[in-house]
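If you check TrEMBL, you get these features:
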type: REGION; residues: 30-56; note: region 'Disordered'
type: COMPBIAS; residues: 37-48; note: compositional bias 'Basic residues'
type: TRANSMEM; residues: 138-157; note: transmembrane segment
type: DOMAIN; residues: 196-540; note: domain 'Amino acid transporter transmembrane'
type: TRANSMEM; residues: 213-234; note: transmembrane segment
type: TRANSMEM; residues: 281-303; note: transmembrane segment
type: TRANSMEM; residues: 333-355; note: transmembrane segment
type: TRANSMEM; residues: 367-391; note: transmembrane segment
type: TRANSMEM; residues: 412-435; note: transmembrane segment
type: TRANSMEM; residues: 455-476; note: transmembrane segment
type: TRANSMEM; residues: 488-509; note: transmembrane segment
type: TRANSMEM; residues: 524-545; note: transmembrane segment
Amino acid sequence: MTRLDRRRTTAGAMNVVVVVISLLLRPRGSSGFSPPARRRGRRLRSPSRHVDRPPVAAARVPKAIVDVDDDVDRIEFPSNNDDDDVFVDAIGGGGGGGAGGGTPRAGTQGGLSATVNLCKCICGAGSFALPCVFLREGVLGGTLAMLLCGYLAAFTMRSINESRTSVSAMAVARMSSDDGNGLDGTDLLPPPPPPSSYVELADVALGGMASRAVFALTLAASLGVCSTYIAFIGQTLASLSSDSVSNNVVRVLAPDADESTWETITAAIVLPLCSIRNYGVFAFTSALGVVAVLVGMTTTLAYGTFVDPGGGIVEALSAASHMRMWPISPRDAFGGSFGTIAYLFCVNFLTFPIINSMEDPDKDYDGAVSTAVAVIWIVNVVFAVLCLGFYGDDTQDLILRNLGNGPYLSALKLLLCVDLLFTFPVVFSSGRQILENALVPNGNLKDAADDGEETQTVAFSRAAITTGAVAMCLGLSQLGGFGTVANLVGGVAQGTLAFVLPPAISIALSRRSRNDAGFDIDEIPQWLVGGFGIAVVVSVAYSTLTESLR
């Protein structure tokens, strides 16, 4: 694919993104999509179980339906949906699901289990791009950038948990101050639970436009992460295919195939996988993914220590100490690579299912977040510094390209690619479901669910949406290598969900709780985080797009 063709493909993909996001942000009633809106009988629940299903299913709990006078009308018990339980198993979460007959089932995870699941969410392919980030930002600059991003990501994840708890507390306060105009027996009802999704929290705190923005950003994050998987696989297989020395299996089967060819083949392979709706098929990817990443990082360090360049860890640390300590320009420090760090740490849109699966999130969640972020930070800083010491200025944007392609190393790279192939449909599913509810009339989806079978129209629509979304992922992967795409996705979509919206939600709820719309000094940390988030989003978007289109 020529550079002109790559630009045309990228432009086409960006046009599709603009059209889809405009549909998602269209006011209620202008299309088949019905995003959450403020109306009489506000529901403290996700507006649609089909739309807002992040990559781990949320626990089902009774929902208090509150009218505009803040009186509790009734308690609603969501119906049992076994697909959600299978979906949890596919990711490695837990605690979701409901018993038959509408009886809710509370979360069962403790702090340790939540810490492990958070580590699973954070740990991933982004680790293999961090050595190049340290090359651009400098050893100390990269370390501080990792520290800042990890700290702020943990801060906003804890802020989200506090916000959801404050929503419930305010509802309880309103119930306790009821003047007697509510329903008979209201005092016997359980208090309304906290919001169980990011969309629900945004709707309660900021209104319908914010909740639609969360939908759009979740779509962008879902498809954007999938596009990084395509770029990762394309780069890795292209490096194997072009190696005439090792004569590896990929070289034998497809000699000298370039990245674009492999990316197109990858898209063709994942397309039928993305049509599978039983997520239990992919349950093995949770354990396989963690094992593949840890083995990959360990093997990379062992290869650099004993084979190429060799010399051991002490020599690598000495070499790293002679590398540049700080970035050459603010563009390198902020717009050019900070998004890749955010791609790793900013998993805020995945945390609600983990919160919902916990037995006591108010007690255990904050500690689980701090522990998970600290562990991942330490492991990845050590990994990035050592790799930079091994390969210096020759560090590639995907560190696996610095490794040889012998039999064992080739097998490792293929293992990582296979893991991403089967992880792709699970991550892709949340974006696909958002698109289906935005583009397919809700009545058709409901009828298909009620009848237990799909009509030809619904089946064709779903197939077309899946094909178009996979094509969109392929187009986004053409923006550049894995590091470039990860920087854009992490800095814009994940950065907004992590650094911009949580402070806005916290400030809005704080002012509402004290019945004062004025500024309060306690808001300063949230304003600082929000301003930082806006700067990250703008600078990363500008830097990445100008570099890719140059």
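Keep in mind that glycine also has a Cβ here, set from the backbone N, Cα and C atoms.
Curation does not apply to TrEMBL; its annotations are automatic.
Highest Cβ contact count with the transmembrane segment (333-355) among the listed stretches 213-234, 412-435, 488-509 falls to 488-509 (criterion: pairs under 8 Å). Nonlocal intrachain contacts for the transmembrane segment (138-157), taken as residues 6+ away from its ends with a CB within less than 8 angstroms of a stretch CB, comprise 130, 320-321, 323-327, 333, 337-338, 341-342, 344-348, 351, 369-370, 373-374, 376-377, 380-381, 384-385, 388, 498-499, 502-503, 525, 529, 532. The transmembrane segment (213-234) shares more Cβ pairs under 8 Å with 412-435 than with any other stretch in the list 367-391, 412-435, 455-476, 488-509, 524-545.
Looking at which of 367-391, 412-435, 488-509, 524-545 has the most CB pairs under 8 Å to the transmembrane segment (455-476), the answer is the stretch 412-435. Only residues 6 or more beyond the boundaries of the transmembrane segment (524-545), in the same chain, are considered here, and those with a CB under 8 A from a CB of the stretch are 152, 155-156, 159, 331, 334-336, 338-339, 342, 479-480, 484, 487-488, 490-492, 495-496, 498-500, 502-504, 506-507. The list of residues near the transmembrane segment (488-509) in space but at least 6 beyond its ends in sequence, with Cβ under 8 angstroms from a Cβ of it, reads 126, 152-153, 156-157, 159-160, 162-163, 166-167, 170, 198, 201-202, 205-206, 210, 213-214, 217-218, 220-221, 224-225, 227-228, 335, 338-349, 479, 523, 526-527, 529-530, 532-534, 536-537, 539-541, 544-545.
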